[in-house]
(Lines of atoms letter the chains of each structure in order from A and count residues from 1; the text may use other names and numbers.)
(Lines give C-alpha, C1' and ligand atoms only; values in the text may rest on other atoms or scores of the structure.)
Protein backbone atom coordinates (compact mmCIF):
# COMPACT_ATOMS: atom_id res chain seq x y z
CA UNK A 1 0.00 0.00 0.00
CA UNK A 2 1.35 3.42 -0.99
CA UNK A 3 0.89 6.37 1.40
CA UNK A 4 0.08 9.73 -0.24
CA UNK A 5 0.43 12.90 1.84
CA UNK A 6 -2.08 15.10 0.01
CA UNK A 7 -1.02 18.34 1.70
CA UNK A 8 2.63 17.78 0.79
CA UNK A 9 1.70 16.97 -2.81
CA UNK A 10 -0.25 20.24 -3.13
CA UNK A 11 2.46 22.24 -1.35
CA UNK A 12 5.20 21.04 -3.70
CA UNK A 13 3.21 21.20 -6.95
CA UNK A 14 4.08 23.73 -9.63
CA UNK A 15 1.57 26.26 -10.92
CA UNK A 16 -0.39 24.57 -13.70
CA UNK A 17 -3.56 24.91 -15.77
CA UNK A 18 -5.54 23.34 -12.92
CA UNK A 19 -4.48 26.13 -10.55
CA UNK A 20 -5.24 28.81 -13.15
CA UNK A 21 -8.76 27.47 -13.73
CA UNK A 22 -9.44 27.22 -10.00
CA UNK A 23 -8.11 30.76 -9.53
CA UNK A 24 -10.42 32.02 -12.29
CA UNK A 25 -13.47 30.30 -10.82
CA UNK A 26 -12.83 31.55 -7.29
CA UNK A 27 -11.99 35.07 -8.50
CA UNK A 28 -15.19 35.19 -10.58
CA UNK A 29 -17.25 34.24 -7.53
CA UNK A 30 -15.52 36.96 -5.51
CA UNK A 31 -16.18 39.52 -8.28
CA UNK A 32 -19.90 38.76 -8.02
CA UNK A 33 -19.65 38.88 -4.22
CA UNK A 34 -17.83 42.23 -4.36
CA UNK A 35 -20.46 43.69 -6.68
CA UNK A 36 -23.28 42.64 -4.38
CA UNK A 37 -21.49 44.09 -1.39
CA UNK A 38 -20.62 47.43 -3.00
CA UNK A 39 -23.90 48.06 -4.76
CA UNK A 40 -25.69 49.47 -1.69
CA UNK A 41 -23.00 52.07 -1.04
CA UNK A 42 -23.08 53.04 -4.73
CA UNK A 43 -26.85 53.53 -4.71
CA UNK A 44 -27.22 54.86 -1.15
CA UNK A 45 -27.74 58.58 -1.98
CA UNK A 46 -30.45 57.66 -4.52
CA UNK A 47 -32.08 55.15 -2.15
CA UNK A 48 -32.20 57.73 0.66
CA UNK A 49 -33.78 60.28 -1.66
CA UNK A 50 -36.28 57.85 -3.18
CA UNK A 51 -37.40 56.30 0.12
CA UNK A 52 -37.17 59.54 2.10
CA UNK A 53 -35.02 58.09 4.90
CA UNK A 54 -32.49 59.74 7.20
CA UNK A 55 -28.78 58.78 7.59
CA UNK A 56 -29.33 56.77 10.79
CA UNK A 57 -32.12 54.72 9.18
CA UNK A 58 -29.98 54.23 6.09
CA UNK A 59 -27.22 52.91 8.33
CA UNK A 60 -29.57 50.27 9.74
CA UNK A 61 -30.67 49.29 6.22
CA UNK A 62 -27.06 48.77 5.17
CA UNK A 63 -26.32 46.83 8.35
CA UNK A 64 -29.12 44.35 7.70
CA UNK A 65 -26.96 42.78 5.00
CA UNK A 66 -23.94 42.85 7.28
CA UNK A 67 -25.83 41.02 10.03
CA UNK A 68 -26.61 38.36 7.44
CA UNK A 69 -22.94 38.31 6.45
CA UNK A 70 -21.89 37.66 10.04
CA UNK A 71 -24.26 34.71 10.39
CA UNK A 72 -23.41 33.42 6.92
CA UNK A 73 -19.68 33.53 7.56
CA UNK A 74 -20.03 31.56 10.80
CA UNK A 75 -22.61 28.95 9.83
CA UNK A 76 -22.01 28.51 6.10
CA UNK A 77 -18.26 28.65 6.70
CA UNK A 78 -18.51 25.94 9.37
CA UNK A 79 -21.01 23.71 7.58
CA UNK A 80 -18.75 23.54 4.52
CA UNK A 81 -16.38 21.29 6.46
CA UNK A 82 -19.30 18.87 6.81
CA UNK A 83 -21.40 19.00 3.61
CA UNK A 84 -18.57 19.88 1.24
CA UNK A 85 -17.13 23.18 0.18
CA UNK A 86 -18.52 23.30 -3.35
CA UNK A 87 -22.19 22.83 -2.30
CA UNK A 88 -21.68 25.52 0.36
CA UNK A 89 -20.23 27.92 -2.23
CA UNK A 90 -23.17 27.33 -4.58
CA UNK A 91 -25.71 27.87 -1.79
CA UNK A 92 -24.02 31.19 -0.99
CA UNK A 93 -23.96 32.22 -4.65
CA UNK A 94 -27.69 31.60 -5.03
CA UNK A 95 -28.49 33.47 -1.82
CA UNK A 96 -26.64 36.67 -2.64
CA UNK A 97 -27.64 36.72 -6.33
CA UNK A 98 -31.35 36.04 -5.93
CA UNK A 99 -31.99 38.27 -2.92
CA UNK A 100 -29.87 41.20 -4.10
CA UNK A 101 -31.94 41.18 -7.28
CA UNK A 102 -35.11 40.93 -5.18
CA UNK A 103 -34.12 44.07 -3.26
CA UNK A 104 -34.38 45.99 -6.52
CA UNK A 105 -38.10 45.28 -6.78
CA UNK A 106 -39.13 47.03 -3.56
CA UNK A 107 -39.34 50.57 -2.28
CA UNK A 108 -40.26 49.58 1.25
CA UNK A 109 -37.29 50.00 3.65
CA UNK A 110 -38.29 46.99 5.78
CA UNK A 111 -38.67 44.58 2.86
CA UNK A 112 -35.46 45.97 1.38
CA UNK A 113 -33.67 45.26 4.67
CA UNK A 114 -35.02 41.68 4.81
CA UNK A 115 -33.89 40.99 1.24
CA UNK A 116 -30.44 42.39 2.00
CA UNK A 117 -30.21 40.29 5.18
CA UNK A 118 -30.85 37.12 3.17
CA UNK A 119 -28.37 38.22 0.50
CA UNK A 120 -25.87 38.91 3.27
CA UNK A 121 -25.99 35.27 4.36
CA UNK A 122 -24.52 34.34 0.99
CA UNK A 123 -22.11 37.28 0.74
CA UNK A 124 -20.59 36.43 4.12
CA UNK A 125 -20.65 32.67 3.70
CA UNK A 126 -18.84 32.53 0.39
CA UNK A 127 -15.71 34.39 1.55
CA UNK A 128 -14.26 31.86 4.02
CA UNK A 129 -15.06 29.00 1.66
CA UNK A 130 -13.29 30.34 -1.40
CA UNK A 131 -10.30 31.43 0.71
CA UNK A 132 -10.05 27.93 2.20
CA UNK A 133 -10.45 26.39 -1.27
CA UNK A 134 -7.69 28.50 -2.79
CA UNK A 135 -5.38 28.03 0.20
CA UNK A 136 -5.84 24.26 0.11
CA UNK A 137 -4.90 23.78 -3.53
CA UNK A 138 -2.28 26.52 -4.00
CA UNK A 139 1.43 25.64 -4.27
CA UNK A 140 3.21 26.61 -1.08
CA UNK A 141 5.63 29.11 -2.68
CA UNK A 142 2.88 31.27 -4.16
CA UNK A 143 0.03 30.58 -1.73
CA UNK A 144 -0.40 34.11 -0.37
CA UNK A 145 -0.12 35.58 -3.85
CA UNK A 146 -2.79 33.27 -5.26
CA UNK A 147 -5.20 33.97 -2.41
CA UNK A 148 -4.78 37.73 -2.69
CA UNK A 149 -4.96 37.73 -6.50
CA UNK A 150 -8.19 35.75 -6.21
CA UNK A 151 -9.54 38.14 -3.61
CA UNK A 152 -8.68 41.16 -5.74
CA UNK A 153 -11.84 40.12 -7.56
CA UNK A 154 -13.63 41.74 -4.63
CA UNK A 155 -12.20 45.09 -5.72
CA UNK A 156 -13.03 44.41 -9.36
CA UNK A 157 -16.61 43.76 -8.25
CA UNK A 158 -16.63 47.08 -6.41
CA UNK A 159 -15.31 48.91 -9.47
CA UNK A 160 -17.88 47.13 -11.64
CA UNK A 161 -20.64 48.29 -9.30
CA UNK A 162 -19.38 51.88 -9.54
CA UNK A 163 -19.23 51.73 -13.35
CA UNK A 164 -22.69 50.17 -13.62
CA UNK A 165 -23.98 52.76 -11.16
CA UNK A 166 -22.55 55.66 -13.16
CA UNK A 167 -24.09 54.27 -16.35
CA UNK A 168 -27.49 53.21 -15.05
CA UNK A 169 -28.64 54.91 -11.82
CA UNK A 170 -29.40 58.35 -13.24
CA UNK A 171 -30.98 56.82 -16.37
CA UNK A 172 -32.87 53.80 -15.01
CA UNK A 173 -32.98 54.33 -11.26
CA UNK A 174 -31.14 52.69 -8.39
CA UNK A 175 -33.20 49.49 -8.79
CA UNK A 176 -31.37 48.60 -12.02
CA UNK A 177 -28.02 47.95 -10.34
CA UNK A 178 -29.67 45.52 -7.92
CA UNK A 179 -31.61 43.61 -10.56
CA UNK A 180 -28.39 43.14 -12.56
CA UNK A 181 -26.96 41.21 -9.60
CA UNK A 182 -29.21 38.21 -10.34
CA UNK A 183 -27.13 37.06 -13.31
CA UNK A 184 -24.53 34.96 -11.36
CA UNK A 185 -27.25 32.53 -10.22
CA UNK A 186 -27.18 31.07 -13.75
CA UNK A 187 -23.64 29.77 -13.14
CA UNK A 188 -24.56 27.56 -10.16
CA UNK A 189 -24.87 24.29 -12.17
CA UNK A 190 -21.56 24.95 -13.92
CA UNK A 191 -19.74 25.50 -10.62
CA UNK A 192 -21.20 22.30 -9.19
CA UNK A 193 -19.91 20.36 -12.18
CA UNK A 194 -16.43 21.82 -12.65
CA UNK A 195 -15.11 23.09 -9.31
CA UNK A 196 -13.07 20.45 -7.40
CA UNK A 197 -14.18 19.53 -3.89
CA UNK A 198 -12.13 20.19 -0.75
CA UNK A 199 -9.31 17.67 -0.32
CA UNK A 200 -9.89 17.44 3.43
CA UNK A 201 -13.59 16.70 2.84
CA UNK A 202 -12.79 13.99 0.28
CA UNK A 203 -10.31 12.30 2.63
CA UNK A 204 -12.66 12.41 5.62
CA UNK A 205 -15.41 10.82 3.52
CA UNK A 206 -13.13 8.18 1.93
CA UNK A 207 -13.70 9.38 -1.63
CA UNK A 208 -10.51 7.92 -3.06
CA UNK A 209 -11.82 7.83 -6.64
CA UNK A 210 -12.38 11.61 -6.60
CA UNK A 211 -8.88 12.15 -5.23
CA UNK A 212 -7.37 9.97 -7.96
CA UNK A 213 -9.08 12.13 -10.58
CA UNK A 214 -8.11 15.47 -9.03
CA UNK A 215 -4.52 14.95 -7.84
CA UNK A 216 -2.99 14.16 -11.27
CA UNK A 217 -4.31 17.55 -12.41
CA UNK A 218 -2.64 19.20 -9.41
CA UNK A 219 0.67 17.42 -10.08
CA UNK A 220 1.02 15.20 -13.18
CA UNK A 221 3.96 13.44 -11.51
CA UNK A 222 1.40 11.63 -9.36
CA UNK A 223 0.14 8.48 -11.10
CA UNK A 224 -2.80 6.84 -9.27
CA UNK A 225 -2.48 3.26 -8.08
CA UNK A 226 -5.27 1.01 -6.90
CA UNK A 227 -3.96 0.62 -3.34
CA UNK A 228 -3.15 4.31 -2.69
CA UNK A 229 -3.91 5.46 0.85
CA UNK A 230 -4.56 9.20 1.16
CA UNK A 231 -4.01 11.31 4.27
CA UNK A 232 -3.22 14.82 5.44
CA UNK A 233 -0.10 15.79 7.35
CA UNK A 234 -0.25 14.45 10.91
CA UNK A 235 -1.41 17.67 12.58
CA UNK A 236 -3.85 18.37 9.76
CA UNK A 237 -5.41 14.93 10.09
CA UNK A 238 -6.95 15.30 13.55
CA UNK A 239 -10.67 14.56 12.98
CA UNK A 240 -13.42 17.09 13.47
CA UNK A 241 -13.75 20.81 12.93
CA UNK A 242 -15.27 21.92 16.22
CA UNK A 243 -14.94 25.46 17.48
CA UNK A 244 -12.92 24.19 20.46
CA UNK A 245 -10.10 23.23 18.12
CA UNK A 246 -9.64 26.89 17.22
CA UNK A 247 -8.40 27.39 20.80
CA UNK A 248 -6.44 24.14 21.08
CA UNK A 249 -2.66 23.72 20.90
CA UNK A 250 -1.96 27.20 22.23
CA UNK A 251 -4.06 29.04 19.63
CA UNK A 252 -6.47 30.66 22.11
CA UNK A 253 -4.99 34.17 22.44
CA UNK A 254 -4.04 34.31 18.78
CA UNK A 255 -7.56 33.30 17.72
CA UNK A 256 -9.06 36.11 19.83
CA UNK A 257 -6.53 38.63 18.45
CA UNK A 258 -7.32 37.48 14.92
CA UNK A 259 -11.02 38.06 15.62
CA UNK A 260 -10.23 41.59 16.86
CA UNK A 261 -8.17 42.31 13.74
CA UNK A 262 -11.04 41.12 11.53
CA UNK A 263 -13.53 43.21 13.54
CA UNK A 264 -11.50 46.41 13.24
CA UNK A 265 -10.54 45.97 9.61
CA UNK A 266 -14.09 45.17 8.56
CA UNK A 267 -15.29 48.24 10.47
CA UNK A 268 -13.01 50.39 8.30
CA UNK A 269 -13.91 48.54 5.09
CA UNK A 270 -17.67 48.86 5.51
CA UNK A 271 -17.56 52.38 6.87
CA UNK A 272 -15.82 53.44 3.66
CA UNK A 273 -17.85 51.15 1.37
CA UNK A 274 -21.16 52.39 2.80
CA UNK A 275 -20.51 56.08 3.38
CA UNK A 276 -17.66 57.28 1.14
CA UNK A 277 -20.04 58.26 -1.68
CA UNK A 278 -22.33 60.17 0.72
CA UNK A 279 -19.45 61.83 2.59
CA UNK A 280 -17.82 63.02 -0.63
CA UNK A 281 -21.17 64.22 -1.98
CA UNK A 282 -21.78 66.18 1.23
CA UNK A 283 -18.31 67.71 0.83
CA UNK A 284 -19.48 69.28 -2.43
CA UNK A 285 -18.58 66.64 -5.02
CA UNK A 286 -21.20 65.65 -7.62
CA UNK A 287 -22.68 62.12 -7.61
CA UNK A 288 -20.58 61.17 -10.63
CA UNK A 289 -17.43 62.49 -8.98
CA UNK A 290 -18.29 60.78 -5.69
CA UNK A 291 -18.71 57.46 -7.53
CA UNK A 292 -15.29 58.01 -9.09
CA UNK A 293 -13.87 58.01 -5.57
CA UNK A 294 -15.37 54.53 -5.14
CA UNK A 295 -13.64 53.41 -8.34
CA UNK A 296 -10.33 54.71 -7.02
CA UNK A 297 -10.94 53.12 -3.61
CA UNK A 298 -11.43 49.70 -5.18
CA UNK A 299 -8.58 50.10 -7.65
CA UNK A 300 -6.33 50.88 -4.69
CA UNK A 301 -7.73 47.82 -2.92
CA UNK A 302 -6.76 45.60 -5.84
CA UNK A 303 -3.22 46.99 -5.86
CA UNK A 304 -2.99 46.61 -2.08
CA UNK A 305 -4.23 43.01 -2.16
CA UNK A 306 -1.90 41.86 -4.92
CA UNK A 307 1.04 43.85 -3.56
CA UNK A 308 0.36 42.66 -0.03
CA UNK A 309 0.19 39.05 -1.21
CA UNK A 310 3.47 39.44 -3.09
CA UNK A 311 5.14 40.86 0.02
CA UNK A 312 3.60 38.14 2.22
CA UNK A 313 5.19 35.42 0.08
CA UNK A 314 8.60 37.05 0.50
CA UNK A 315 8.51 38.43 4.03
CA UNK A 316 6.73 37.56 7.26
CA UNK A 317 3.02 38.05 6.53
CA UNK A 318 2.40 39.13 10.14
CA UNK A 319 4.69 42.15 9.83
CA UNK A 320 3.32 42.98 6.38
CA UNK A 321 -0.12 43.22 8.01
CA UNK A 322 1.15 45.41 10.85
CA UNK A 323 2.57 47.89 8.33
CA UNK A 324 -0.63 47.86 6.24
CA UNK A 325 -2.86 48.55 9.25
CA UNK A 326 -0.64 51.49 10.25
CA UNK A 327 -0.92 52.86 6.71
CA UNK A 328 -4.72 52.53 6.90
CA UNK A 329 -4.93 54.64 10.05
CA UNK A 330 -2.76 57.38 8.54
CA UNK A 331 -4.35 57.53 5.07
CA UNK A 332 -7.97 57.54 6.30
CA UNK A 333 -7.23 60.27 8.85
CA UNK A 334 -5.94 62.49 6.04
CA UNK A 335 -9.10 62.12 3.91
CA UNK A 336 -10.80 64.85 5.90
CA UNK A 337 -7.98 67.34 5.31
CA UNK A 338 -8.50 69.87 2.53
CA UNK A 339 -5.99 68.99 -0.21
CA UNK A 340 -5.83 69.30 -4.03
CA UNK A 341 -8.13 66.87 -5.84
CA UNK A 342 -5.22 64.84 -7.20
CA UNK A 343 -3.82 64.31 -3.72
CA UNK A 344 -7.29 63.39 -2.46
CA UNK A 345 -7.64 60.70 -5.14
CA UNK A 346 -4.21 59.36 -4.14
CA UNK A 347 -5.24 59.21 -0.48
CA UNK A 348 -8.50 57.43 -1.35
CA UNK A 349 -6.54 54.85 -3.36
CA UNK A 350 -4.12 54.43 -0.46
CA UNK A 351 -7.07 53.97 1.91
CA UNK A 352 -8.46 51.27 -0.38
CA UNK A 353 -5.10 49.50 -0.53
CA UNK A 354 -4.70 49.55 3.25
CA UNK A 355 -8.27 48.62 4.23
CA UNK A 356 -9.92 46.40 1.62
CA UNK A 357 -6.50 45.23 0.43
CA UNK A 358 -5.40 44.55 3.99
CA UNK A 359 -8.56 42.60 4.74
CA UNK A 360 -7.80 40.33 1.81
CA UNK A 361 -4.27 39.72 3.11
CA UNK A 362 -5.77 39.07 6.56
CA UNK A 363 -7.91 36.32 5.04
CA UNK A 364 -4.73 34.81 3.56
CA UNK A 365 -3.09 35.03 7.00
CA UNK A 366 -6.03 33.23 8.64
CA UNK A 367 -5.99 30.58 5.91
CA UNK A 368 -2.35 29.82 6.69
CA UNK A 369 -2.74 30.03 10.47
CA UNK A 370 -5.23 27.17 10.89
CA UNK A 371 -4.73 23.47 9.98
CA UNK A 372 -6.52 22.27 6.84
CA UNK A 373 -9.09 20.22 8.77
CA UNK A 374 -10.44 23.32 10.55
CA UNK A 375 -9.52 25.96 7.97
CA UNK A 376 -13.05 26.82 6.81
CA UNK A 377 -14.21 26.82 10.44
CA UNK A 378 -11.35 29.09 11.53
CA UNK A 379 -11.77 31.55 8.69
CA UNK A 380 -15.55 31.42 9.03
CA UNK A 381 -15.51 32.29 12.73
CA UNK A 382 -12.93 35.05 12.28
CA UNK A 383 -14.95 36.49 9.42
CA UNK A 384 -18.22 36.07 11.31
CA UNK A 385 -16.98 37.77 14.47
CA UNK A 386 -15.47 40.46 12.29
CA UNK A 387 -18.86 41.08 10.71
CA UNK A 388 -20.07 42.59 13.95
CA UNK A 389 -17.63 45.40 13.18
CA UNK A 390 -19.07 45.60 9.70
CA UNK A 391 -22.58 45.78 11.16
CA UNK A 392 -21.67 48.58 13.55
CA UNK A 393 -19.77 50.66 11.00
CA UNK A 394 -22.69 51.94 8.87
CA UNK A 395 -24.75 52.64 12.01
CA UNK A 396 -21.96 54.47 13.86
CA UNK A 397 -20.91 56.52 10.83
CA UNK A 398 -24.56 57.15 9.94
CA UNK A 399 -25.08 58.55 13.44
CA UNK A 400 -22.00 60.78 13.08
CA UNK A 401 -23.22 62.01 9.68
CA UNK A 402 -26.61 62.85 11.19
CA UNK A 403 -24.82 64.97 13.84
CA UNK A 404 -23.36 67.15 11.06
CA UNK A 405 -19.84 66.87 12.47
CA UNK A 406 -16.85 68.25 10.56
CA UNK A 407 -15.76 65.92 7.75
CA UNK A 408 -12.37 65.25 9.35
CA UNK A 409 -13.93 63.89 12.55
CA UNK A 410 -15.91 61.33 10.54
CA UNK A 411 -12.74 60.05 8.90
CA UNK A 412 -10.79 59.97 12.19
CA UNK A 413 -13.55 57.78 13.64
CA UNK A 414 -13.06 55.39 10.71
CA UNK A 415 -9.26 55.44 11.14
CA UNK A 416 -9.01 54.58 14.86
CA UNK A 417 -9.78 50.85 14.34
CA UNK A 418 -6.66 50.64 12.16
CA UNK A 419 -4.49 51.33 15.20
CA UNK A 420 -6.34 48.71 17.27
CA UNK A 421 -6.03 46.10 14.50
CA UNK A 422 -2.31 46.77 14.23
CA UNK A 423 -1.86 46.10 17.98
CA UNK A 424 -3.97 42.92 17.78
CA UNK A 425 -1.83 41.46 14.98
CA UNK A 426 1.28 42.24 17.02
CA UNK A 427 -0.04 39.89 19.74
CA UNK A 428 -0.73 36.93 17.41
CA UNK A 429 1.72 34.08 18.06
CA UNK A 430 2.51 32.94 14.51
CA UNK A 431 4.50 30.01 15.91
CA UNK A 432 1.13 28.32 16.56
CA UNK A 433 0.54 28.06 12.82
CA UNK A 434 0.72 24.46 11.57
CA UNK A 435 3.48 25.55 9.24
CA UNK A 436 5.55 26.65 12.22
CA UNK A 437 4.58 23.82 14.53
CA UNK A 438 5.65 20.82 12.54
CA UNK A 439 2.95 19.94 10.04
CA UNK A 440 5.40 20.89 7.30
CA UNK A 441 9.18 21.01 7.69
CA UNK A 442 10.49 24.47 8.44
CA UNK A 443 12.48 24.61 5.24
CA UNK A 444 9.24 24.24 3.31
CA UNK A 445 7.05 26.51 5.40
CA UNK A 446 5.38 29.80 4.65
CA UNK A 447 6.38 32.56 7.10
CA UNK A 448 3.21 33.22 9.08
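Keep in mind that glycine also has a Cβ here, set from the backbone N, Cα and C atoms.
On a predicted model such as this, the values are computed, not experimentally measured, just so you know.
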Annotated range (TrEMBL: transmembrane segment) out of 86-105, 206-225: 86-105
Of 235-255, 256-276, the range TrEMBL labels transmembrane segment: 256-276
Distant-in-sequence neighbours of the transmembrane segment (86-105), which means Cβ under 8 A and at least six residues beyond its ends: 29, 32-33, 36, 39, 72, 76-77, 79-80, 112, 115-116, 118-123, 125-126, 129-130, 133, 174-185, 187-188, 191-192, 195-198
Paired segments the transmembrane segment (256-276) and the transmembrane segment (176-195) in contact, 3+ CB pairs under 8 A: no
Folded-back contacts onto the transmembrane segment (343-366), same chain, C-beta under 8 angstroms, at least six residues removed: 127-128, 131, 135, 143-144, 147-148, 151-152, 154-155, 158, 258, 261-262, 265-266, 268-269, 272-273, 276, 293, 296-305, 307-309, 312, 317-318, 320-321, 324-325, 327-328, 331-332, 334-335, 378-379, 382-383, 418, 448
Closest-packing stretch to the transmembrane segment (378-401), where packing means Cβ pairs under 8 Å, from 60-79, 176-195, 288-312, 407-428: 60-79
